[in-house]
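The following features are taken from TrEMBL:
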ACT_SITE  71  active site, proton acceptor
BINDING   72, 75, 77, 79, 81, 93  Ca(2+) 1 binding site
BINDING   199  heme b binding site
DISULFID  40-120  disulfide bond
DISULFID  73-78  disulfide bond
DISULFID  126-329  disulfide bond
DISULFID  206-238  disulfide bond
DOMAIN    30-333  domain 'Plant heme peroxidase family profile'
């Protein structure tokens, strides 16, 4: 998208208004939108400022930050385990097959954390930063707003093995996708279709595209569900035995904008990866009516996506005295004792 200053200012204005509304919340849930009202009221603005600045030079970063939140929450819940580097006690999730040379934006999260620590020391968890960054990234890209529940704590370990099995595969069948979503604690149909709409922006590497272009399911033929004209386009971009790291837009029409074009693409046989096209091309699938609905009605897609993001953000959170607030999102804190504030900040430690 052509990211303009006027557009970013108008969205940030809406963000500020949303923050003010959230600060009036009286929710008593463990996770609540106004969690940092007293301890770090500017957290949304700090995260938003960083994203706006990064978008000026990297139009992919919004989709990448949203993906970080997805890949964190699907693996043992939303605990920022994805952000941890290798240690002597665990292997980083960044090395897992779905993440290696694929997930990105860690340096941007580091920048957010650094600025937040300067403003609100030892207060905002890395898991909450990912949740906030995902929401603002979608909003800045033209997508919906939703109330971000906050109060998560950061975990003490990463889960390399689980990352290889718990994340949806780009080669998955519809049945396999439903199992992954169900295992994560999400709805097998409504959440699956709505959250897959995140592929309305962003990129995919040729390595996850070429099998269906040349040897789908070992047939030495392309996936029959691909639109023939689109097949020719994809083959030019991703030739057989070509560079596997070349990037293809998930959406040719509006690659950096969050809209409902993704579902129109599926109806036209223009899903980039197999797991996307499965939602529409699997005969008799209960996902087809939702694809058709969201293709026709952007409002319905935005409403469903927002609801599903709230549900995903509540997967197995660490709260209260569980976990910690990492000072550096890449490493677990040194083991210290501390006194927790009412809203999660550490006021003293030794």
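A Cβ is built for glycine as well, from the same backbone N, Cα and C atoms used for every other residue.
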Number of other Cβ atoms within 10 Å of the Cβ of residue 72 (Ca(2+) 1 binding site) across all protein chains: 29
Between residue 40 (disulfide bond) and residue 79 (Ca(2+) 1 binding site), the C-alpha gap once rounded to whole angstrom: 19
Predicted model, mean pLDDT over the domain 'Plant heme peroxidase family profile' (30-333): 97
Nonlocal neighbours by CB distance (under 8 Å) for residue 238 (disulfide bond), same chain, sequence gap 6 or more: 206, 209, 210, 213, 246, 248
Candidates 73, 79, 120, namely the recorded positions, that fall within 10 Å of residue 126 (disulfide bond) by Cα distance: 79
Nearest of the recorded positions (73, 77, 78, 79, 120) to residue 199 (heme b binding site) - Cα to Cα: 73
